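According to TrEMBL, the features are:
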BINDING   Gly18, Asn41, Asp79  Ca(2+) 1 binding site
BINDING   Asp40  Ca(2+) 2 binding site
SITE      Trp104  site 'Essential for stabilizing binding to COTL1'
DOMAIN    120-607  domain 'Lipoxygenase'
BINDING   His369, His374, His541  Fe cation binding site
COILED    561-592  coiled coil
Amino acid sequence: LPSNCTVTVATGTSEYSGTNNYIYVTLVGERGESERTVLDNPGLDFRRGAVDDYTVKSSADLGPLILVRLEKQKYWVEDNWFCRYVKVSVPGQRCSYTFPCYRWLVGDKVVVELREGTAKKISDDTLPLEISHRKAELQERQKIYRWLAWAPSIPKCIDAKSEADLPQDARFDNEKRSDFVGSLHYALLELSLKKLAIKFGKSWNDLDDFKRIFWKLRSPIAEYTMNHWKEDWFFGYQFLNGSNPRMITKCKELPSNFPVTGDMVQSSLIPTTTLKEELKEGNIFLVDYAIMDGIPANVIRDRIQHIASPLCLLYEHPEKGLIPIAIQLGQKPDKDTPIFLPSDPPLAWLLAKMWVRHSEFQVFQLLSHLLRTHLVVEVICVSTLRQLPAVHPIYKLLTPHLRYTLEINCRGRTQLLSMDGIFKKVVSTGGDGLLILAQREYKVLTYRSLQPKFDFLDRGVTKLKDYFYRDHSMMLWNVIQNFVSGIVSLYYKSDSEVEQDSELQAWIHDVAVEGLASELKTKEELITLLSVAIFTSTAQHAATNNGQIPMGQYVEQYFTEPAALRVIDKFRKELKELEEQIIAQNEGLELQYLYLCPSRMENSITI
């Protein structure tokens, strides 16, 4: 019998999401297709944020709906359109169908076919149309999203010379782009004004003169750092809860190239103990920048820069907290590479700590931040786009945590890391040095070290006091792992289902080629890898570069089935409870650690 279906179409809410082009829809069911219908109500259709209803006729019963086919054609001028979703109500059927889209339709006579929102593995599809659709989608994506070896011996990336080469679906939306570009221009303008002020102002005679370049000290942490950065306890604290909290390790015995004696450091210890005893008790820690040794220094304005490869010994003092007790600025001890001590003249000791911080900056930006979050997640992102169709449950799970990562990484490669980028202009390891440093780290980067439980265990820091980064990371890992486990268990009932999912195995093959994991044969292995992906793109990145989009607050709704939505709601509830716990822990602290509050954390790597 002929029937009229009600079709609801939602246009994107960001700037320029609407269109004045012609939009056509065709409903595709198990038993046939509806009429190809132009969607045209009185007045303006497809305005930004609009949710409009239309009537679509079919000459016969379509049966259960499988696809919605959207077509866009030019009207006077080409005008892109962002579609959030399509919903269809069919007469005589109790439920409505939801077809998630969250894609741009770009170009004239462009066609997009959307699967109904229920997440399905390839084994769940039985109809030839379903199987051919998911294969065609992946073939198209593999043409668009291609691998590129940007440089040897580091993770592969997306094949794009700049962000302009990315497809529209991988680009920032207009508000994000305006905010990003505006902030960058403002920062560069302020920097230029500071250069003028410094050029025409008095010369710098004191370390406190550096305050002249900090005009916008609005952050409590920045102000606190300005006031306390010279203090030993704060120097130690930053290894625990600063921007690079993953370097410190327990020192069981002193390295042979760091000949610190008990007499040297006795004055830093409590009087009733010795260095030997404190090593045995597990109260001595080490930060070793051996990876910096021999890195070629950048040349800036015809002047060779300087790079240290320090070793820093720290002591967990029962009253003072974690304090530095010895620093060596090179890996080979000799008369030109002495061991600096807190008992040295104050300026000598301060300069030694500054050189440690200088090395810390290089490692933090290039390795902890760029390599271990941005580039690792880009591998997951490209693999997901190439191997998992939009209807796949793992695609639906991961895609909110991969949003904008390709564009920000492309911008990083062109604006920060290129031979004429910012690092080359201002950073000691800019130019050849940054690549060599990244190659060294990638050679020793392990999948195990991306899992916080093993990272803290292997570094011997499970009992270090006031290590808020560790405590909050573990709490977040547990919440993320519970969430991932809940979603995975909805769609994979056994280990064999994981092993037999050909799309999932193609996905892990792409990931494995880059050394992030070797194989997926069990549900547990799948849950761990997905947890690593989400943890790295959220918590780990936030710890090094706190973001903007609150975690778990998904802009898009890719999952439509009630069971999956219940798991997401539980995830949000647990994140809220975790937030309350973190806030309570910080009450009364003069220096609060809030980087890993879910409300302050981004869903994905976007900056």
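Glycine is treated like the rest: Cβ placed from N, Cα and C.
These numbers come from a predicted model, not from an experiment.
Features as recorded by TrEMBL, highlighted on the structure.
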{"residue": "Gly18", "record": "Ca(2+) 1 binding site", "Cβ contacts under 8 Å, 6 or more apart": "Thr11, Gly12, Phe46, Arg47, Arg48, Gly49, Ala50, Trp81"}
{"residue": "Asp40", "record": "Ca(2+) 2 binding site", "Cβ contacts under 8 Å, 6 or more apart": "Tyr22"}
{"residue": "Asn41", "record": "Ca(2+) 1 binding site", "Cβ contacts under 8 Å, 6 or more apart": "Asp52, Tyr54"}
{"residue": "Asp79", "record": "Ca(2+) 1 binding site", "Cβ contacts under 8 Å, 6 or more apart": "Thr19, Asn20, Asn21"}
{"residue": "Trp104", "record": "site 'Essential for stabilizing binding to COTL1'", "Cβ contacts under 8 Å, 6 or more apart": "Asn80, Trp81, Phe82, Gln168, Asp169"}
{"residue": "His369", "record": "Fe cation binding site", "Cβ contacts under 8 Å, 6 or more apart": "Ser243, His541, Thr544, Asn545"}
{"residue": "His374", "record": "Fe cation binding site", "Cβ contacts under 8 Å, 6 or more apart": "Thr405, Ile408, Asn409, Gly412, His541, Ile605"}
Given the Fe cation site His369, His374, His541, its other Cβ neighbours within 8 Å of the Cβ centroid, in chain order, are Ser368, Leu370, Arg372, Thr373, Val377, Gln540, Thr544, Asn545, Ile605
So His541 (Fe cation binding site), by the Cβ count within 10 Å over all chains shown, scores 26
Looking only at the domain 'Lipoxygenase' (120-607), mean pLDDT returns 89
